[in-house]
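Data block below; observations after.
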Amino acid sequence: MNLHEYQAKQLFAEYGLPVSEGYACATPQEAAEAADKIGGNTWVVKCQVHAGGRGKAGGVKLAKSKDEIRAFAQNWLGKNLVTYQTDANGQPVTKILVESCTDIAKELYLGAVVDRGSRRVVFMASTEGGVEIEKVAHETPELIHKAALDPLVGPQPYQARELAFKLGLVGEQIKQFTKIFMGLGQMFLDCDFALLEINPLVITAQGNLHCLDGKINIDANALYRQPKLRQMHDPSQDDPREAHAAQWELNYVALDGNIGCMVNGAGLAMGTMDIVNLHGGSPANFLDVGGGATKERVTEAFKIILSDSKVQAVLVNIFGGIVRCDMIAEGIIGAVKEVGVKVPVVVRLEGNNAELGARKLADSGLNIIAATSLTDAAQQVVKAAEAK
């Protein structure tokens, strides 16, 4: 689950980290009033969406008057912001963050992520702030410095000092960086984060460290024990199909292709997408119905896949282990009848009751294409999609 920048900064402030005074506003009038609360004569106004690249898309502005703030809010609130990280529709802007302006002398990067390889929370720091860390990792990996947290003792001051020295910080800045590092480390563990970024972490004109931006992703599997963070969820930022799928315990991710995929098991789903690509097709989604798939969930899965107007054909790939292929076949038949499927459906069944499932599909009288293997299924669905 992602948080907005203003929500991330609220958490930073709770842990004693230096952030700009700011207010998240839902109306142009609120935005103008926020400037009065903050004071000064220059403010930064930012669209709040779950995507990067806001500045280049016009979603961040330096405002020198309340009229500029009001105009910015009127222009963006209720509209969608399209960035390089969103799809063509963009993300809806429901709040504008108005905050005080900071004079920047230098930009740094500080982030943390759960590293599955080392099974540790790993902090990353770099002197190359303000740019994508992926770009830095690709072009100049030697400029990224790391510190892995011991799961028994958590963040340690010596780790912060080592990173501070590598970033070229001096004097009071080292103390400030240590406080930020320790706070972020504790926050990461307390709040079950999966990813945390401050990009940029800036050195101000006065020589102090300041958290200018904030990006947080929370481990969705831990939300049951984070009631406060659950309340921060903004459903307006979710793909409606993904939200619908979550209600039925389906793992669905929308993609840009034209071949709908319904598979049981995440690994098999990824393999199915790969083989569709291998044979010249383009998956429209990732959809894992899980090991405990029911007839009702299969029906809902079909509805979700077909709600995407780009879908020209559907591939159902089921390996029956826990789940029975005949039950999946009943779900497919029921879904095709209920939804009124107008696109070709290719089905590959293997494993538990696969023969019985295949017979049920054959006896249904519906226009369902049976595949003999995964390769055959991929070839058939690509051919069917091209024919549409």
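From the backbone N, Cα and C atoms, a Cβ is placed for every residue, glycine too.
Not measured: the values here are computed from a predicted model.
The annotation in Swiss-Prot ties GLY321, ILE322, VAL323 to substrate, and of the candidates under consideration, ASN258, ASN264, ASN277, ASN367, the one tied to the same site is ASN264. Between ARG54 (ATP binding site) and ASP213 (Mg(2+) binding site), the C-alpha separation comes to 12 Å.
Nearest neighbour of ASN199 (Mg(2+) binding site) by Cα distance, taken over the binding-site residues GLY55, GLU99, GLU107, VAL323: GLU107. Neighbour counts of Cβ atoms within 10 Å were taken for the binding-site residues GLU99, GLU107; the minimum is at GLU107.
VAL323 (substrate binding site) has GLY53 as its nearest neighbour among the binding-site residues LYS46, GLY53, GLU99, THR102, ASP213, going by CA to CA distance. As a whole-number mean, the pLDDT of the domain 'ATP-grasp' (9-244) in this prediction is 94.
Taking Cβ-Cβ distances under 8 Å and a sequence gap of 6 or more within the same chain, the neighbours of LYS46 (ATP binding site) are GLU5, ARG54, GLY59, VAL60, LYS61, ILE96, LEU97, GLU99.
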